[in-house]
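TrEMBL has this to say about the protein:
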type	residues	note
BINDING	A:Ala42, A:Gly43, A:Ala44, A:Gly45, A:Ser46, A:Gly47, A:Lys48, A:Thr49	ATP binding site
DOMAIN	A:21-342	domain 'UvrD-like helicase ATP-binding'
DOMAIN	A:343-616	domain 'UvrD-like helicase C-terminal'
REGION	A:758-802	region 'Disordered'
Amino acid sequence: MADITKEYLALRDQYIESRFARLNPVQRQAVFATEGPLLILAGAGSGKTTVLVNRIANIIRFGSAHGSTELPRPVTEADLNDLRNAVAAGRDLPRETAYLAVRPARPWNVLAITFTNKAAGELKERLRAMLGDTLGGDVNASTFHSACVRMLRRDAERIGFPKSFTIYDSDDQQRVIKQIYKDLMIDDKFLPVKSAIGQISSFKDKLLSAEDVAGEPFANTKAQLVSKIYTAYAGRLKAAGAMDFDDLIFHTVKLLQNDAEAREYYQNRFRYVVVDEYQDTSIAQFHLVRLLAGGTNNVCVVGDDDQSIYKFRGATIENILNFEKVFTGAKTIRLEQNYRSTANILNAANSVIKNNMGRKGKTLWTDHGDGEKVHHYTATNEQDEASHIADVIGEHLREGASLKDHAVLYRMNAQSNPIETYFARAGIPYRIVGGQRFFDRKEVKDINSYLAIIVNPRDDVRLRRIINEPARKIGMTTIEKIGELAASKGVPMMEIIAHVRDYPELQRAAAALERFYEMYRELCDLSVSEPLDQFVGDVIAKSGYEAMLKAMKEEGETRRENLGQLVSSIKTYADQNGEDATLSGFLEEVALISDLDSYDNDADSVTMMTIHSAKGLEFPYVFVVGMEDGIFPGEMAKYNEEDMEEERRLCYVAITRAKKELYLSTSRTRMIFGQTRRNPPSAFLSEIDPGLLDETQSPELTGYGGGFGAGYGSYSTNVPGGRSGYSGASRGYLNSEYNAHPRGGFGGGYSSGFASGGHESPNSYGGRHQVQSTGFGSGYGRSRSAGNTAPAGAGTSTLAGAPSAAPQKKAAAASYAAGDIVEHRVFGRGKVLKATPIAGDCIVEIQFDRVGVKKTMANYAPLKKVEE
DNA sequence: ATCGATAAGATCGAC
DNA sequence: TCTTATCGAT
């Protein structure tokens, strides 16, 4: 090789390396491993996303140039000089891709698959920042499901579906199955609907079609029944032109398997495939990845077997464990340096996870300091636990931290309630991620169903959903008759409705059906003539839905607000997509969106969520509540070693969310599902090296605490099982003026009357309590709920301010009168209609520009007077 | 057809 | 405890 070439190649490597100088050597190794199968085992907080982004950037900028001897063209003296100068000056070489890249990918040659839409968005965002808008924006970054939808929108007709197929969510799915149960007269006690759905889902995951299943011998009558249901289910979806979530993957895999032309098209297009969170992929998803990557075999998967927590949902950890066997010649790179947590937190995580057998094995390390020990607090009950969290948060705030630095994690959603209640009373702004999603609300789904049948008149499921919502005198019997007629003629139900007069058996409801159909036609016409948001507004009005909600009082109001939000979300969609915005496009977006996607970390409030939702996130201060046997690990997992390992991984995920400090808590008694239980501490606690733990406990458990609690003892009770004890205590509390009690009240003051009641054996836990409370935690009986959307105003400043001042005093200033224009943090601008002073506060009735009339308490709402 | 009552059931939950 | 689903009465 000519010297000039040799020098050029060496300089080229040096140049490319310098573009990724901020990475550590192992990370850089991953970035330069562009060709062939690559497994990146990325521990929690090891800069995984950074590696992904840089690797994709490398593929687009330099292709496989690093470490290669290939050249895009013979080297000239001038080239060498340019490169020398660029390296010496540490500057970018002009037109570097053309000069020195080796077969670089165009952005659309890269397919990056992530776990959530949010993760996909972040990936794109960072690629854009790194490569510029044009290059970065054109990379395909999406979830499995949206990637499949995009392929199917192009090729659905090849497998007998319309391009405009509808996506059924689990709710729609359930409706179809229930319908089938009715038709086939299946007893749901013999075979629960859920079980049938689960089995069908697992068939699809194993790529078995309804015919495949029906063709095999059955183990028993149940299996035969499931097969029958599966066949009927698949038939209905096909007839409706609909796919459920499993179908999106299933049909895409089938398409790629059976259609060589389609397969080659996508294999040529996606020269590089990257899959994030590979430990949580399913069998069908594995097949999809293998098929897509089949052309070049350039497949890179990133994951952490220790963070596989979705087995219950079909994820199979074998995908990651067997990667090297399935993709021969695979390279494996381990990212074990953690940039997130302190050593103590990390070691706690390591000491827990090392008890799992089925893992690849890796040990995270950090060069951060030890930090504080991991805190473990033993509470008397869940209120005390909440109060302790509030105390700690208060301390952190006084030290300058903000609310959004804190997260409370729990095993199941049911645990959020006591904490929520406590936070609301204390005026601590919080926000709950997960639970009921916006697009899952009944009213939103109803209106979406109207939209769906306009886009796809064959969608019988959605039609059934809204044909009598609001009530139109079209009852079950009529609907069933239409269903039968449609089935016998092999046409959609809407087709029958269009010609009611032809069917004497529909005589009775004919008038109502005609009215409904007329409205439907009108909406169809409007859908093409009006802008999207205005059209949705019309759907809400002309369907009679608005009138129905108006007729209800309190409850209808919030639901109308939700519909208002729906209208604004479609407006946002329309604004973002300009010319390309369509009704079906919006519905698709809605179908594939999750709550976590809309989670933004800007709002200053404490985040509350399940550990599952917390995957991929990090917070300076993390509280993990309910570290109890029977809660975490959960009751169901205790007796099965495999499930136990999954719980342990979940625990590992929880611990590794924390950057600075980690607070674990256990409660001696806990009310869950209406019953008070005493759970022993979680087994995972004893797996943590005791030297890493800092133990504290409720004052009531230390002897003198019990006496203190009895001071409020009018509510103490001997009733076993919390029912009367609990509600009595909390009611009594609300009515009394506990605000007045002296500072330094113990965290548990709130509920002590209840907890110290009967059969507690104090002192069984030797350790001394550290007095952390400075009073605010227990005192705020009269704070108004901060609400779910967590207006920050009142709570924050109170917390940071004088601890035992009554909160309502500080906000005394503003007074409102009719006619004032106000600005509300959450609801926007509005005009005061009426102001009624009451007990030192003021009920203000406001006409908001966007959300209608609302009543708020002047001192507690995040409200500001703009003009008088 | 619609409302109210009562019973059952209840992890984790992306798309 | 709390929600959701189904049934039976009007």
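From the backbone N, Cα and C atoms, a Cβ is placed for every residue, glycine too.
Note: TrEMBL annotation is automatic and uncurated.
Around the Cβ of A:Thr49 (ATP binding site), a 10 Å sphere holds 17 further Cβ atoms from the protein chains shown. Restricting the average to the domain 'UvrD-like helicase C-terminal' (A:343-616) gives a pLDDT of 87. Summary for the binding-site residues A:Gly43, A:Gly45, A:Gly47: the Cβ-based neighbour count within 10 Å is maximal at A:Gly43. Listed in chain order, the residues near the ATP site other than A:Ala42, A:Gly43, A:Ala44, A:Gly45, A:Ser46, A:Gly47, A:Lys48, A:Thr49 are A:Val51, A:Asp304, A:Leu335, A:Asn338, A:Tyr339, A:Arg340, each with its Cβ within 8 Å of the site Cβ centroid. Note on A:Ala42 (ATP binding site): other Cβ atoms within 10 Å of its Cβ, all shown chains, come to 26.
For the recorded site, A:Gly47 (ATP binding site), the DSSP three-state label reads coil. Listed in sequence order, A:Asp304, A:Asp306, A:Gln307, A:Asn338, A:Arg340, A:Ser341, A:Ala349, A:Leu364, A:Tyr652, A:Val653, A:Thr656 are the same-chain residues six or more apart from A:Ala44 (ATP binding site) with CB atoms under 8 A from its CB.
Sequence-distant neighbours of A:Ser46 (ATP binding site) (same chain, 6+ residues apart, CB-CB distance under 8 A): A:Leu335, A:Glu336, A:Gln337, A:Asn338, A:Tyr339, A:Leu364. Mapped onto three states, the DSSP output places A:Ala42 (ATP binding site) in strand.
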